[in-house]
């Protein structure tokens, strides 16, 4: 039998059995593409090619793949030769029909550990691509253990294998499967309220929503992040399919008996809350699986708002057979299961550190930690797995009970920027990679040298549900403080809720910043807090906490959410205010960063300052102000607001203004 005959026979068998498979093609770039093109020519299908520079249609970049979720393809090629976008790879696997091949193009097998991976630029905070040896070895180990996955290496013999026959698969007929039928029955009888259907890919969520619409007695409107992702839902809903984009739906005032939101987790929470409040009955479908991190947030944060929530789960695959080899290998390679939650860890708690090398030496340990963190955090995705494995500057603590993981803490090194770079960040001229909290302390705080301090940021913390409320989280933080004794502070950035803030307070953190926008993933405002470890860290924490207290009333009015601390009602312009105001007027500090001191400036200035007063005192929108002041665009408006701030400062004290300009990076070169 020729190679093509063997390939076609194996593909026919896969179609009959309702499964998909992964073929890894490893070698020089040109050789890999040539093999992929030969297989593509031998098998009919869609053959979506995912690559930064795909040679054939249909194609898309890994970053654009998100827009195709909800669609189906027969066969696909994923080019990871330059860099492995694990989330896009997993998402692509979820779009493939039964009987499909997923071809994964990789560099020469022997170079995987040492070869720089361009995807690392997204998660390593490094200026250049870095090798990713832990992930490479993990992937090799996973592939070598799976006889259902094929590996074709350049200059190595390869033949298409034969596999024992499986049970013949009966594809879905369009009629509801047993799981779907049970949920449809419950939905038809549901009183006014919110229902969710959650499941991994391929379980028929979109089909279920379409079937429900086609069979319901009332009317329904469908919304989703993108209409292109509702193809399956539309096919099942038939002529009763009525789609409106989320923003258009809010603006329209349209009404219906049901609102059906497909892939609800991908819609920003504030927008989703507004939509939900408008309809008597709401059906939300979403994917809860590791490659779509916000799907977890949908469970952890959004769904928790509805105590009478009707929650349904689809477990049986509909679009392929159970135990599909492709689904299994993707789940194993990217650790999508949650075995860490299967058994409660009983016994005395021991806390210890572990390092990235553990992924090679004792992989079960970091795997269990990652599973725990994934289950507890709404943002965890394969990008975090790659960062955990190979990014520099990561620190890990585990709390174990009888060798089972009961808690985990993940910290990231931050700060230590040069004085010059920290000042440039404060001015708004530079935004170097990484350093989330350290940069924010400089860019949004009052101290131009804040980013020179050295800290460790809490990236993730989790405790097993069976061991919560025992103080394990606080023990982990206390241990982290001892390990970071040479640092100036520990920091944390989190979606603010009163409950979460109480935990960080108990750990010793001081609140230093509240953001101006709600997070898309949680619907909460971002809060930042410091736990000082050195004298310099204490001074910074006290200074920024006091600044937040001075700005508390203004931020509360602006955000519509109370700041959880005692406001200081000091209206005098102090030294920090003057420095910040000069930074806004003559550099590039953002307006929202400067809300407090700008409000205080307006109290002191007798000038009209219409661009500033219109925005800050009247809360007019940028569009309203541009029309009122006859200027075109936000850039021109911001330039005018800076110029008016400069005018007010000079009118109050021209000498002080000039002396502060002189000590800014670049001195007086920056125009107001």
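Each Cβ is built from the backbone N, Cα and C atoms, and glycine gets one as well.
Cross-referencing 74, 311, 319 against the ATP binding annotation in Swiss-Prot, which names 180, 202, 203, 204, 205, 206, 207, 208, 209, 210, 211, picks out 319. 506 is the residue from 430, 431, 502, 506 that Swiss-Prot records in the acetyl-CoA site together with 461, 462, 463, 468, 469, 470, 471, 472, 473, 474. Cα spacing between residue 461 (acetyl-CoA binding site) and residue 203 (ATP binding site): 31 Å, rounded to the nearest whole number. For residue 209 (ATP binding site), other Cβ atoms within 10 Å of its Cβ number 28. Within the model, the domain 'N-acetyltransferase' (349-531) carries an average pLDDT of 93.
Largest Cα to Cα distance within the recorded acetyl-CoA binders 461, 462, 463, 468, 469, 470, 471, 472, 473, 474, 506: about 16 Å as a whole number. Within the set of binding-site residues (471, 473), the lowest number of other Cβ atoms found within 10 Å of a Cβ is recorded at 471. Largest CA to CA distance in the ATP binding set (180, 202, 203, 204, 205, 206, 207, 208, 209, 210, 211, 319): 16 Å, whole number.
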